[in-house]
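Here is what TrEMBL says about this protein:
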type	residues	note
BINDING	Asn165, Lys166, Val167, Asp168, Gly219, Gln220, Ser221, Gly222, Val223, Gly224, Lys225, Ser226, Thr227	GTP binding site
BINDING	Cys301, Cys306, His308, Cys314	Zn(2+) binding site
COMPBIAS	1-12	compositional bias 'Basic residues'
COMPBIAS	19-28	compositional bias 'Basic residues'
DOMAIN	109-277	domain 'CP-type G'
DOMAIN	126-275	domain 'EngC GTPase'
REGION	1-38	region 'Disordered'
Amino acid sequence: MAKQKKLSKGQSRRISANHQKRLHKAKQQKADSKDITWQSDNLGPSEYAVVISRFGQHADIETEQGEILRCNIRRTVKSLVCGDEVFFRRAKVSEGDLAGVIETTEERRSQLTRPDFYDGVKVVAANIDQILMVSAVLPEFTPHIIDRYLVACEDMGIEPILLLNKVDLLDEQSRQHIDEILNIYRKLGYQVLSVSNKTGEGIEALKHQLIGKNNIFVGQSGVGKSTLVNTVLPNAEILTKEVSENSGLGQHTTTVSRLHHLPSGGNLIDSPGIREFGLWHLDVERVTWCFKEFREFIGGCRFRDCKHLNDPGCMLIEAVSSGNISELRFDSYHRILESMADGRAGARAPRV
Ligand SMILES: Nc1nc2c(ncn2[C@@H]2O[C@H](COP(=O)(O)OP(=O)(O)O)[C@@H](O)[C@H]2O)c(=O)[nH]1
Ligand SMILES: [Mg+2]
Ligand SMILES: [Zn+2]
């Protein structure tokens, strides 16, 4: 076996120096992240604000007067994400670029979550009122992916809107075909909008739908989300802002969510963090419940452990036969269960 080559003095020195540098950086970071001991007499009264972006130990908040302030966060605040409503106190003498400290959060109306391999379920944004699920005939119109998103929306209790983009690419026949599929969702009470960035069709209706709400666009890569964001938010130059976090032991880049105001009122949260809508944190019963038209049949099957597959006396299968549940949705349901069973439910399907 070849003898390992000895490092030259220069090499050793460089390695050692790099190591020291990393240690120093790690220490520095630790010190930076420590609570600044905001003295009470340096802090003004409690004020309301909304978190527009969160990164590391800091957050940018917007006050009711429209000021954007960078604050740090009391340790007692356990979770803080874009969209959170908070109370903070302004410093009379600021600490570097930090204008104050966030002390408490309001209870959330909703949480946008994604399953995280390490943390279980991770909250990505708070107080989202509506999720616009974008689909398009190009790259491909896939109702099964729509159903995956709908399961996630139902689970989170956030209103979904089905947004069919690129309708300019549809001829009469394909338009009719897709419309028939979309009718399944309309009948279930989901709102459907058809738009085109190219011709402008439906864009006014879309803008109207966003007013007064916290919105987010989701959908597979290539369906036109970025284009739509630019259409409704013409001056957003800062959309996918990347914050480089140096852990001291190597760089890793995280992309932060950010809340933007829409010109016609309402907000858009741009969240590259929700690229994957994994469903593997849900159990089978929850998935069944998330198909909302299944709910009235749950518990009615002959066997308590009915798999709703080919079990005798299955109420869901009966509902499919009688047309009360669409075959397409039933098929999606089983696809989701299959993907959960073989560990693919967390696999990257839909992307932002
Ligand atoms: N024909 C047509 N193409 C569109 C429309 N909206 C977006 N596109 C195109 O679709 C492609 C993907 O758009 P992009 O916004 O990057 O999709 P994203 O991956 O979902 O963000 C781009 O080439 C766009 O120009 C539309 O309404 N009609
Ligand atoms: Mg994009
Ligand atoms: Zn059954």
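Each residue, glycine too, has its Cβ placed from N, Cα and C.
A TrEMBL annotation is a machine prediction, not a hand-curated record.
TrEMBL feature annotations superimposed on the structure.
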{"residue": "Val167", "record": "GTP binding site", "Cβ contacts under 8 Å, 6 or more apart": "Arg175, Ser194, Val195, Ser196, Thr199, Glu201, Gly202"}
{"residue": "Val223", "record": "GTP binding site", "Cβ contacts under 8 Å, 6 or more apart": "Val134, Ser135, Ala136, Pro139, Asn165, Lys166"}
{"residue": "Thr227", "record": "GTP binding site", "Cβ contacts under 8 Å, 6 or more apart": "Asn165, Asn197"}
{"residue": "Cys301", "record": "Zn(2+) binding site", "Cβ contacts under 8 Å, 6 or more apart": "His308, Asp311, Gly313, Cys314, Met315, Leu316"}
{"residue": "Cys306", "record": "Zn(2+) binding site", "Cβ contacts under 8 Å, 6 or more apart": "Gly313, Cys314, Leu316"}
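Under DSSP, Asn165 (GTP binding site) is assigned to a strand (E or B) in the three-state scheme.
For the GTP site, whose annotated binding residues are Asn165, Lys166, Val167, Asp168, Gly219, Gln220, Ser221, Gly222, Val223, Gly224, Lys225, Ser226, Thr227, the maximal Cα to Cα separation is 19 Å. For Lys225 (GTP binding site), the number of other Cβ atoms no farther than 10 Å from its own Cβ, over all displayed protein chains, is 22. DSSP states for the domain 'EngC GTPase' (126-275), grouped as helix (H, G, I), strand (E, B) and coil, give 52 helix, 43 strand, 55 coil. Candidate binding-site residues: Asn165, Val167, Gly219, Lys225, Cys314. Those with a Cβ under 6 Å from ligand 2, in sequence order, are Lys225. For ligand 3, none of the binding-site residues lies close by, meaning a CB under 6 A from one of its atoms; the full candidate list was Asn165, Val167, Gly219, Ser221, Val223, Lys225. For the binding-site residues Asn165, Ser221, the greatest number of Cβ atoms within 10 Å around a candidate Cβ is found at Asn165. According to DSSP, His308 (Zn(2+) binding site) sits in a coil region rather than a helix or strand. Listed in chain order, the extra residues whose Cβ falls within 8 Å of the Cβ center of the Zn(2+) site residues Cys301, Cys306, His308, Cys314 are Arg302, Phe303, Lys307, Leu309, Asp311, Gly313, Met315, Leu316, Ile317. Other C-beta atoms found within 10 angstroms of the C-beta of His308 (Zn(2+) binding site) number 22, with every protein chain shown included. In this structure, Asn165, Ser221, Val223 are the binding-site residues from Asn165, Ser221, Val223, Cys306, His308 whose C-beta falls under 6 Å of some atom of ligand 1.
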